[in-house]
Amino acid sequence: MAREKFQRKKPHVNIGTIGHVDHGKTTLTAAITMALAARGGAKGRKYDDIDSAPEEKARGITINTAHVEYETENRHYAHVDCPGHADYVKNMITGAAQMDGGILVVSGADGPMPQTKEHLLLAKQVGVPNIVVFLNKEDQVDDAELLELLELEIRETLDKYEFPGDEIPIISGSALLALEALTENPETKPGDNKWVDKIYNLMDQVDSYIPTPERETEKPFLMAVEDVFSITGRGTVATGRVERGCVKIGDTVELVGLRDTKTTTVTGLEMFQKTLDESVAGDNVGILLRGVQKIDIERGMVLAKPGSILPHTKFEAQVYVLNKEEGGRHTPFFPGYRPQFYVRTTDVTGKIESFRADDNTATQMVMPGDRIKMIVELIQPIAIEKGMRFAIREGGRTVGAGVVSTIVI
């Protein structure tokens, strides 16, 4: 019998649970899978399955993440949950598991705590666009007024980190009581148990409040140049993987980065020795360009839709500095440090001008294992945009991972 084909009937959204340690992120993840499994939209996963998350490597950094998938009536979700706080920080900065939205879990017994705030700040800086809040452990709060006060405090915290605190849905419940009810009776249907219903309610809010992301193919075309060669009598070919968008023969594209921006026309597209009319995100392709010499292009430039991305030299970034167990530095570094910044396909030297802590106070020293905000100035302009990921390298080894939070120049 032929294998069943993956049917893409529903739009796909990547989400994750974020929040302070022990507020119930993993319990909630398990409860969601069990609740949706009762409706036939998931394979139920136990807490221990999710908690013993396997190690993965992203940009040379080891991260523990658990991936679960489930479906609601409207969507297919991939959901990421990280067991440890350090894993969250690394995951958000490296973009190992991209998130289109997040479920912020806050314990009703504690309210917003330091990591709640840190995850919100990170979500804002790395571009997690939308958040829904689950106010957990509602059964431990005896007073309805206290719940209202907690909700106010959460909304104020959201506002502080530039999320729309007034609009964001806050659903209260108990992930543990829902999970216990579902473990006892995996067939629990909507209406059978008030705690399980709260999980369904949460997922309805996630369905309606977190917008379906724009697909990669609908974004403006961009391809980082990996290699260049010339074909006698035909012109110059740039090869690489299309990062987003699509490109057709006859399109005008810009060569951005390292030198002055140059405009050219696509005269041919090739993939696996076959010619194409159009190439889309994910394709490894050779693009034949009109009127461009081989010496005009080098690895590290990008080909992009005109006006969609600009060359920059100075930016602010959120960076995680690897500790020595992760293969990073053994010693601290200071403002003025000049490592290599590996962006897309190339290394560019840059100078780290200054470091700032979360509260914007200047810091003079950064230790391995720290997360820090830094201002970087590159020696050559390259195509940079907010939300872009990069690695920091020194002598060929990765010493940090970062994401651009603001463009300065």
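Yeah, the Cβs are placed from backbone N, Cα and C, and that goes for glycine too.
Quantities reported herein were computed from a predicted structural model and do not represent experimental measurements.
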Stated Swiss-Prot location of region 'G1', expressed as one of 3-10, 19-26, 187-194, 323-330: 19-26
Secondary structure content of the region 'G3' (81-84), with strand meaning DSSP E or B: 0 helix, 1 strand, 3 coil
Which of 19-26, 60-64, 81-84 contacts the region 'G4' (136-139) most, counting Cβ pairs under 8 Å: 19-26
DSSP helix/strand/coil residue counts for the region 'G4' (136-139): 2 helix, 1 strand, 1 coil
Site with most surrounding Cβ atoms, counting all protein chains shown within 10 Å, from the binding-site residues K25, H85: K25
For the region 'G1' (19-26), sequence-distant contacts whose Cβ falls under 8 Å of one of its Cβ atoms, 6 or more beyond its ends: 47, 50-51, 66, 81, 83-85, 104-107, 110, 112-116, 119, 134, 136-137, 175-176
Residue, out of the binding-site residues D22, E138, whose Cβ gathers the largest set of other Cβ atoms within 10 Å: E138
